[in-house]
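Notes to accompany the following structure.
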Amino acid sequence: MQLNSTEIAELIKKRIEQFNVSSEARNEGTIVAVTDGIIRIHGLADVMQGEMIELPGSRYAIALNLERDSVGAVVMGPYADLKEGDKVQSTGRILEVPVGNALLGRVVNTLGEPIDGKGAIDAAGFEPVEKIAPGVIERQSVDQPVQTGYKSVDAMIPVGRGQRELIIGDRQCGKTAMAVDAIINQKGTGIKCVYVAVGQKASTIANVVRKLEEHGALDHTIVVAASASESAALQYLAPYSGCTMGEYFRDRGEDALIVYDDLSKQAVAYRQISLLLKRPPGREAYPGDVFYLHSRLLERAARVNEQYVENYTNGEVKGKTGSLTALPIIETQAGDVSAFVPTNVISITDGQIFLETDLFNAGIRPAVNAGISVSRVGGAAQTKIIKKLGGGIRLALAQYRELAAFSQFASDLDDATREQLEHGERVTELMKQKQYAPLSIANMGVSLFAVEKGFLKGIELNKILDFEAALHSYMNSEHADLMKTINESGNYNDEIASKLNDALTNFKATQTW
């Protein structure tokens, strides 16, 4: 079969029309060095600071050092199989994590991927881990309480919604226990919680998750885990990921609580990354921007006003303020709060709860040192009944410590001094509390009323906690309406005081403890 020139021309034209080629332009680079989770890349000319770089094997690195002829990036995950000459490419994206209600009750890693074996997460969307904190005009003053359930904290060092309250102390003195109890106590309050574990043992994280589940608190909690076996990059970024997940609720007019456990280990991970990137070391070998590392994170915890929420949700949510309350944890070495990272975080936060090993070992748990613990803004947020009845607690403890030191040298004491000492001993004993047993507002109010009005006089020290437990049981069964009123309103007036006085007088007469 012979084709004439016209047919050949038509055939060629048809083939040309059907020809389809897709071209893709991408910015590609080559790994020139791999060192302990840090890679140096040549050829990525227009990469952004903090941009995700795609590596072989569906992994990513984050660009941290942008130099004249190379890029220093930190690998998110395993890096042992990366080698010199491997091709990488820029993505044009900043690191984002999933957010939304679907994350509640789940355990995720720094990237928001589930690690609890409960299947995929249907997230509401993705948001960047690094965000700018709300401005001055967008904020509102702190005036609503976050009840931790601890008598010593809620009475003396109250925490408000949108506050940053540091929990600081040596290892093994109850820092995590206090934070976990605060999360457990938010059950039924509508406050969503985020627990960020940085550099913890995997067994410790598993134990926390188990305890939250046992006490019905996992349903309102997101656990972000970057255990000690994870890379330094994942440990450094975990608090920012958790913060973004918490901000989702804040920006939609809800209240959230986030625990960073702990920021000392995050600073160590960041120091490791910085030294490997050959950034100049400063005090204690930390890089120069370690203050900014924590300040830009903790400034994102805030109470935002109605206008901010309305603008953020495009008018969907009106008349609601949102808040993100932060409880950062810092571990000190031998009680040294003047080290670099502790002083940084103390200066950033709105107060600190200082836990002491000596008090912990003496059986005073929670081991709160009332003398140097402070809440700078929480007083305005305190519940009325606890503010009114708890006011004398700090003073009683301060006087007791002063007199206890003096009485070691004085042989005989006058009656007034002895009475103050005994009152201080009773207050110290009453402030003790078991783990995983946070108190309601009414139960706490009853305990504070008992010590304030002298109902603990004449009770042996070793019987005070038994007296308190029996009193709570009696009040919740015999005076349920009064307890319900106090729990719902948090008010304290002459009528409530009179009813409490009658109830405690009757209870003390029964001698049932």
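Backbone N, Cα and C atoms are what each Cβ position is placed from, and that goes for glycine too.
DSSP gives THR176 (ATP binding site) a helix state. In sequence order, THR204, VAL208, ASP261, ILE329 are the residues near THR176 (ATP binding site), counting only same-chain partners six or more apart with C-beta under 8 A. Summarising the annotation, Swiss-Prot assigns ATP binding site to GLY169, ASP170, ARG171, GLN172, CYS173, GLY174, LYS175, THR176.
Taking a C-beta cut-off of under 8 angstroms and a sequence separation of 6 or more, SER373 (site 'Required for activity') has the following same-chain neighbours: MET156, ILE157, GLY351, GLN352, ILE353, PHE354. If you look up Swiss-Prot, you'll see SER373 marked as site 'Required for activity', on the strength of sequence analysis.
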Binding-site residues (GLY169, GLY174), the one with most neighbouring Cβ atoms at 10 Å: GLY169
Residues within 8 Å of the GLY169, ASP170, ARG171, GLN172, CYS173, GLY174, LYS175, THR176 Cβ centre (excluding the ATP site residues themselves): GLU331, LEU355, THR357, PHE360, ALA367
Tertiary neighbours of ASP170 (ATP binding site) (same chain, Cβ under 8 Å, six or more apart): GLU331, THR332, GLN333, ALA334, GLY335, LEU355, GLU356, THR357
